[in-house]
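Reading through the structure tokens given below for one structure.
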């Protein structure tokens, strides 16, 4: 703000597009909008004046470098602990899925390369001397779940191919599609035995 002998003026300013605003004469006591303090009621003033620390915690103890806070500063201890557990569970689940996929692929390779025993209809993963009914129920249910998942993935891939979402399927995708019948037969066999 520039003062001239005849009154108070707001100096001319340049706009973002390059043009200039004229200087303006203002009354005595005028306060520009940017300098007007923002109104705060008594409750806002009260809560802003309170310390941000919990009652009873000294600022020195809060500033102690003993514990490093995780990046989620707005969360409580329990929420942070839950986030860590959730991440750990997710990592374990992903690792377990990868392990089971590798195991299934290894079993399929071994089942395709080894001739079936002539004494019965043993499925891969069951030793020749036992029947599928002797296998533990949890192992069978896990195998059923994995087979259903694989079939779901194959059907989803087939839909995507039919819809034209995958114009050039990779070799792995084509192999997955070609295993559909063997997966279905194995699933039916396991469902029949259980």
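Count begins at 1; order follows the chain as displayed.
In case you wondered, yes, glycine gets a Cβ from its N, Cα and C as well.
Because TrEMBL annotations are produced automatically, they should be read as predictions rather than curated entries.
According to TrEMBL, the region 'Disordered' annotation covers 1-21 (among others).
Feature annotation from TrEMBL assigns domain 'WIBG Mago-binding' to 6-32. Across the domain 'WIBG Mago-binding' (6-32), the prediction's mean pLDDT works out to 86.
The region 'Disordered' annotation in TrEMBL covers 49-194 (among others).
What TrEMBL records for 59-68 is compositional bias 'Low complexity'.
TrEMBL lists 78-89 (among others) with the feature compositional bias 'Basic residues'. Sorting the compositional bias 'Basic residues' (78-89) by DSSP state (H, G, I as helix; E, B as strand; all else coil) yields 12 helix, 0 strand, 0 coil.
Long-range contacts of the compositional bias 'Basic residues' (142-151) within the same chain: residues 100, 104, 125, 176, 179-180, 183-184, 186-187, 190-191, 194, each at least 6 residues beyond the stretch ends and with a Cβ under 8 Å from a Cβ of the stretch. Feature annotation from TrEMBL assigns compositional bias 'Basic residues' to 142-151 (among others).
Here TrEMBL flags 152-163 (among others) as compositional bias 'Basic and acidic residues'. Listed by sequence, the residues of this chain that lie at least six past the ends of the compositional bias 'Basic and acidic residues' (152-163) yet keep a Cβ under 8 A from its Cβ atoms are 169, 173, 176-177, 179-180, 183.
According to TrEMBL, the feature compositional bias 'Basic and acidic residues' maps to 172-194 (among others).
The compositional bias 'Basic and acidic residues' (152-163): residue composition by secondary structure is 12 helix, 0 strand, 0 coil, according to DSSP.
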